[in-house]
Amino acid sequence: MWKIESFLLSKLFLCIALCTAYVAFSSAMMEPGLWLLSRPIVPLNRTSTVFGLTIVAIGLSALSSWLSKLTLNNFTSDDSWDWSQEIVVVTGASSGIGAEIVRLLAELSIKTFILDPVPPDNSVLKNGSVHYYKVDITKPKEVSAAAREIQVKFSSPTVLINNAGVGLAKNLLDENETERRHLMNVNLLSQFTTVQEFLPAMIEKNHGHIVTMASSASYISSPQIVSYAASKAALVGFHEGLGIELVKRYNAKKIRTTLVFAPLL
């Protein structure tokens, strides 16, 4: 019979199970396990014991994932999504990641609106489901005018993808105020503007999705991107606060919020 002599292995399995239990439940559930950890090390000499502990760890991990999914969806479901009726707004979508998002939506014939000061490639607009509005999202009046026109001519958007962003590759002491304010206006403050314009209609219907494009720089900065990293880190707080307000202040549990950490951006 398979025999494990390592005295430390028993502690390893128990630690894995405890960590998973902490995520799935709470620290209170860990007290019995913590007591076991304080006991003298006992060797695992039986295959059944090792197998049992492995199954427990896997089970707790699966339970944790299931509970996390429920939490992210506010413990509710929404079967009303019909992509032939949904309307998506994407900011900064004339190039880069935004353009790719629009391309994928166009392939699915999902009605999509680009808000960008720079026009997209003409080939994109040949798709009847894609529309373009020349909008500087740092100017609230332009955003508001575009939002009203979309709502009047079509309907209220149900998905908002705040994709627009700019970079600034300079040492902090070499930046000037104009550059820094422009970066903050595009990367951070514009998202307050677009959400204030498009979210009320979503709340009214308790149906919608807000996507925030953050970055790996939200957590890991480096030289010459201090301002950029700060703007992206602020989006984490924006996303988390928005999600809480939707549930606690507006009772709009079916409106989803997604935070995207784009690598190398």
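Glycine residues also receive a Cβ, built from the backbone N, Cα and C atoms like all the rest.
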Residue among Asn163, Asn206 sharing the NADP(+) site, where Swiss-Prot lists Val89, Asp136, Tyr228, Lys232 as binders: Asn163
Spatial neighbour of Asn163 (NADP(+) binding site) that is closest, considering only the recorded positions Asn74, Asn176, Ser216, Tyr228, Lys232 and their CA atoms: Lys232
Residue pair Lys232 (active site, lowers pKa of active site Tyr), Asn74 (N-linked glycosylation site) - Cα distance, angstrom, rounded: 25
Rounded inter-Cα distance in Å - Asn176 (N-linked glycosylation site), Asp136 (NADP(+) binding site): 21
Site with most surrounding Cβ atoms, counting all protein chains shown within 10 Å, from the glycosylation sites Asn74, Asn176: Asn74
